[in-house]
Amino acid sequence: MAPPGPPPYTHEQITAMTSQEERIRAYAELKSYIARLKKEKEERENAQARGYSANPYHSAFHRKRGGYGHGFANKPYHPYQRPTTHKHIDATKSREASGSESPLPPNSTAPTNDHSSELRDLCRTFTSAGVCSRHGCPYVHDPDKQAVCKRWFYKDACPMGEQCSLSHEASPHNAPTCLHFQAGRCANDGCRFAHVRTNPAALNCEAFGNLGYCEKGDKCAELHAHECPSFANTGTCRYGDECRLGHVRRASRMRKTTRLSSPAGSPSSNTPNRSRTPEDMVTVEDNLEQITPKAGADHEPRQFTQQADFVPFDADQ
């Protein structure tokens, strides 16, 4: 609404009018002008009482559609402008307002629900990507607990520089485990990988594989690697080829997984182990019966062709 201009008529102008109709019309326009000024003044005072810094000549009930520059009182849109409320906070406030005391004994602690446990966990998106656009996200957004920038870590060249959302400082929390240090042959003084001793048969850390950050740091007994922990530990992944993490096939892990998945005593495909019954087995006594002659047998000399193991050369014909 445009700011009000000067009054349509002054008292001197109305007095100088000679026609009665002109005077009545002038008085009506002047009263309408004064009523409009009073209404706009009330609207401005109500808007200021509600905490809005509106244009002094802008109606508090006049709004346009859209987010940027067209909201209430020309305030710009911001995704984090609306307050986040939680049920357990509202319940605490209502209990304090009512003045009722907790029925729990003084030495006992209140049970924690699932929502309160979520508040202690790191946000997966913010920790791994450095940005979280979820409105009212209940998880922790800690800028000091972020995954390392892979371009800076592996190539030492990040086009974002200081504007990068990820961390440019390697630590045992966000750096993979140095495999050369594990083998005792890492001679790089500026190695950015974590020099931590772990069990060679240890599983991949799920927190580090999924988030790129492990809160245990050098105290973690598992391997830190930029790989899919589910595929590295079990050989399978529910996302398959669409998994955003790397699927690395290692022969030692695959052999270990095969041994764990196959039942004990099961035959292998490369080493046949067919069970043999006592009837099929040839014992030493059977061999002796075939070699040694039986008692009372004929000891007359026989020809070479009459022997039991004789095979003629023309047998195939």
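Using N, Cα and C of the backbone, Cβ positions are placed for all residues, glycine too.
The following features are taken from TrEMBL:
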| type | residues | note |
| --- | --- | --- |
| REGION | 45-116 | region 'Disordered' |
| COMPBIAS | 87-98 | compositional bias 'Basic and acidic residues' |
| ZN_FING | 143-171 | zinc finger |
| DOMAIN | 143-171 | domain 'C3H1-type' |
| ZN_FING | 172-198 | zinc finger |
| DOMAIN | 172-198 | domain 'C3H1-type' |
| ZN_FING | 227-250 | zinc finger |
| DOMAIN | 227-250 | domain 'C3H1-type' |
| REGION | 254-317 | region 'Disordered' |
| COMPBIAS | 259-275 | compositional bias 'Polar residues' |
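Tertiary neighbourhood of the domain 'C3H1-type' (172-198): same-chain residues 145-148, 153, 208, 212-218, 220-226, selected by CB-CB distance under 8 Å and a gap of 6+ residues from either end. Within the model, the domain 'C3H1-type' (172-198) shows a mean pLDDT value of 87, rounded to a whole number. With DSSP states grouped into helix (H, G, I), strand (E, B) and coil, the domain 'C3H1-type' (172-198) comes out at 5 helix, 2 strand, 20 coil. Each residue in the zinc finger (227-250) gets a DSSP state, and the totals come to 9 helix, 0 strand, 15 coil. Within the zinc finger (143-171), the DSSP-based counts of helix, strand and coil residues read 9 helix, 2 strand, 18 coil.
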